[in-house]
Structures are given as C-alpha cells and as structure tokens.
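Colleague: Quick one: structure below, then a few questions.
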Amino acid sequence: SVGFKAGVKEYKLTYYTPTYETKDTDILAAFRVTPQPGVPPEEAGAAVAXESSTGTWTTVWTDGLTSLDRYKGRCYHIEPVAGEENQFIAYVAYPLDLFEEGSVTNMFTSIVGNVFGFKALRALRLEDLRIPVAYVKTFQGPPHXIQVERDKLNKYGRPLLXCTIKPKLGLSAKNYGRAVYECPRGXXDFTKDDENVNSQPFMRWRDRFLFCAEAXYEAQTETGEIKGHYLNATAGTNEEMMKRAVFARELGVPIVMHDYLTGGFTANTSLAHYCRDNGLLLHIHRAMHAVIDRQKNHGIHFRVLAKALRMSGGDHIHSGTVVGKLEGERDITLGFVDLLRDGFIEKDRSRGIYFTQDWVXLPGVLPVASGGIHVXHMPALTEIFGDDSVLQFGGGTLGHPWXXRPGAVANRVALEACVQARNEGRDLAXEGNEIIREASKWSPELAAACEVWKEIKFEFEAMDTL
C-alpha cells in the first residue's frame, strides 16, 4: 500500500475474494442477499462481509495500524438463488479471532449486527453458519443431553411424552398443580409451564414451583416412573432467573425451563452452566423465533438459531411439528433436527444444510414437537422424529372429553402402539390410522380421543421453500 488514501472505495476491492481457500478455523456464513436495484451482487456480498467484520463505509487511517488480511471477513463465493430474480447466496468466511470464546452473544452481535440495516441491501437473511471445531470446543453446550437425560429418567427406546398446561394464564397455583398432577398420573413423562407463565399476580412463581413439585412427586410415587414438570425460570433479570433455578434445585425437581430468545443468550448460557453443575435438565422454548425466522428473504433461519442454542446450552428445544398448527417443512425441519441431535452432519442443500457441521464432543439436544398435535398424528410423529424426541400434546391431552388423565392415557397408548408397530417392521406412514384404530379397541380413552379429533388437520401452503 502506498500510504493512506482517504475516500470511499468499493467494498469488493477489499472484501470480495473469490480465490480465497477457506480455513478449518473460519466461521462460514451463507447469506441470502437481495441487493438494491443497480448494486452488483459482488458489491453486495462484499458489503456484508465488510460491515459484519472489520470494514466501515469509508477508508480510515487506523486501518494502517492493523492487519486487514488477518482480520477481515471475506465474501468468497456468490451464487444466484434459483427461481428468484436478483437474489443471491453470498458465502462469507470470518477469521476465528474476531469472536470471543464461548459467547453466542458476541458471535451474533458481529455476524447479524448492524449489517442487517444496511442501505445497499433490500433484504438479508442468514441461512446457515458453519461453526468450526476450534470454536465449538469453547462452549459447554447442553447441560446433559440425550443419553444422560435417558439415564436420569430411566426411559429408553421411545419418544418422551409431554403436556403443556392450559389455560396458559389465569389458573391459581393450586389449581395449576392439580392439572399438573393429572397428566403424569395418566402416563405422560413431563408437563410444561407455558412460556408466558413467569410470575404474574394470579400465580407467583414460588407458589407454582411448590404445587408443581408436589404434583409430580405424587404422580411419581403412584406410577413408579420418573416424572418432571418444566418449571419456567425465565425472569426479568438474570439474578431473578437464577433465584428460581436455585429454588427448583432445592425442591429436587429434575428439570427447569427457559425462553432463550426473549431471555437472551447471555442469560441462557449462565442458566445452562448452572444446570450442568447442579444436575438439572434444561428445557428451551423458542418464543419470538418466528419474528426472526419466518420471512423468507430477511432475518435468520431457524437452523441458525438451533445451532446457537446447542452452543449456548439446552437439553430440549421446540422445533416445529411438520404436522400440527405451526409452520415447518418436512425436509428442512428434519435438517435442523439432525443438526440438534447428531454429532456430524453432512452438507445437504436439499435439506437446507449449506455446510458440513462437526459438533465434536458437544452433547445433542432433543427436538420437541409441540403445537396442535393429537393422537391421530402419533404415527406420523413417531415416523418423522424417531425415538430421540419429545412429543408435546397440550390441547391434545387436556382437551380429551373425559379430561386430562384419560387424555394422557390415550396419548401414551397411541405412542406405545406406534413404537411397537414400528419395531415389528410395520410401515407407520401407510398403516398409521389402522395401528391407532387397533389400539383403541383395547383403550376406551384412546377410542374417545379418536372420536373427537378424527379429521382435524391444519393444512396450509408451506412458506419456507429452498
């Protein structure tokens, strides 16, 4: 360089490097970029790399005090999105030194910070991130994960069953505890605080924790199975959240819960560390995710939020149902379900996986299917999610005509029937209805459930396409 030259340079001169060979230690990002009219794709891709790493809008003399070659993000490849006009996937490589170790917060502040408000872009969406092994190893990750959770609960060879307590707001603590007792008494493994339930005037958290712990212990004694209620520790401050987690540990319950997006990654990671140190499982709810991930051309895809949660820490996370009332495309959903559960995931664009991801020793997270599902969906859910999942029926348990306990019985009978049929080699996709019908001959509870929900399906066009 011939010395400092003031003025505005094109981003692509510095930040578009198509010949760059990515390093194993780089964090790689795939952005869906929609440039403003007249902005060439290379310039838009380079602008993203610049604004999310070392660059700014003009040359500054302090650039000479650092080594841009060492620290700059680079846009190393651009491809047009099939079927979309003026939309591109820009691949950006970030040197690992740009990020603080063990901080999802810092990673997101850089990669999805100011750049999303950038004027030269009409819209920007982060589709996927490749987290290098060197960075993965700086995170604790899930407090316990799939195998340890099964060992703690002594439940193997089938998905776990849960029930969200409804009505979500307005019950007193004692009545809430009664509802909590009925579900595991019938046969569900878990009950769940709704994500909106924190500590409101009609039910303060401490009262709820006490009644729920009592309910679960009672059900545990009567059924001989380990039961848990996800006690929601989400709060307005970190200190208050930790106070709730500590009280849960003092009660000896197996699991607490957190809303990781509204609570924030910093709070979530603190809670995950506490949970590992104190033997608590951590259930994660994703309230607010659709604000971030539902638009096709702007925001962050849920697979990135799922990866971030695995790094920050959680043992369960809600991840759509493919069949219920909320959104989720089958292949794409299964793509991020594998990213949550498996140790090594191959690049596969047909499932929306842009990079091969190696999680090395980071434990896996159980995906939770929840939202508008009922017994008639059980064969499909067992088929799609397999054993390592939590199937959560709120209305599908509490809405049973004979109430909550028979509702839980119906779900458990349906689940056991599907698992048995699968283990016998039957095809759940083709024979699902038949399997449920056969089982309902032996279970009046299941027969009553089938009667109520025989034909309800929530079918709309999927919005998330590749």
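Just so it is clear, glycine is given a Cβ too, placed from its N, Cα and C backbone atoms.
Since this is a predicted model, take the numbers as computed values, not measurements.
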Colleague: Of SER53, SER370, SER389, which does Swiss-Prot put in the substrate site with ASN114, THR164, LYS168, ARG286, HIS318?
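Modeller: According to Swiss-Prot, the candidate sharing the substrate site with ASN114, THR164, LYS168, ARG286, HIS318 is SER370.
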Colleague: Which residue, of the binding-site residues ASN114, SER370, has its CB surrounded by the fewest other CB atoms within 10 A?
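Modeller: Per-residue Cβ counts within 10 Å for the binding-site residues ASN114, SER370 bottom out at ASN114.
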Colleague: Using only C-alpha positions, which one of LYS5, THR164, LYS166, HIS318 is spatially nearest LYS192 (N6-carboxylysine)? These are the recorded positions in the record.
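Modeller: Nearest candidate: THR164.
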Colleague: So of LYS5, LYS166, LYS168, ARG286, HIS318, which of the recorded positions has the fewest other Cβ atoms within 10 Å around its own Cβ?
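Modeller: Lowest Cβ count within 10 Å among the recorded positions (LYS5, LYS166, LYS168, ARG286, HIS318) is LYS5.
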Colleague: With H, G and I counted as helix, E and B as strand and the rest as coil, say where DSSP puts HIS318 (substrate binding site).
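Modeller: HIS318 (substrate binding site) sits in a strand per DSSP.
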Colleague: What are the sequence-distant neighbours of THR164 (substrate binding site), meaning same chain, six or more residues apart, C-beta distance under 8 angstroms?
Modeller: THR191, LYS192, ASP194, SER370, GLN392, PHE393, GLY394
Colleague: Taking only the recorded positions LYS5, ASN114, HIS285, ARG286, which one has a CA atom nearest to the CA atom of LYS166 (active site, proton acceptor)?
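Modeller: Minimum Cα distance from LYS166 (active site, proton acceptor) across LYS5, ASN114, HIS285, ARG286 lands on HIS285.
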Colleague: So which recorded positions are near HIS285 (active site, proton acceptor), with CA atoms within 10 Å, out of LYS5, ASN114, HIS318?
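Modeller: HIS318, listed in sequence order.
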Colleague: Over all shown protein chains, what is the count of other CB atoms within 10 A of the CB belonging to LYS192 (N6-carboxylysine)?
Modeller: 29
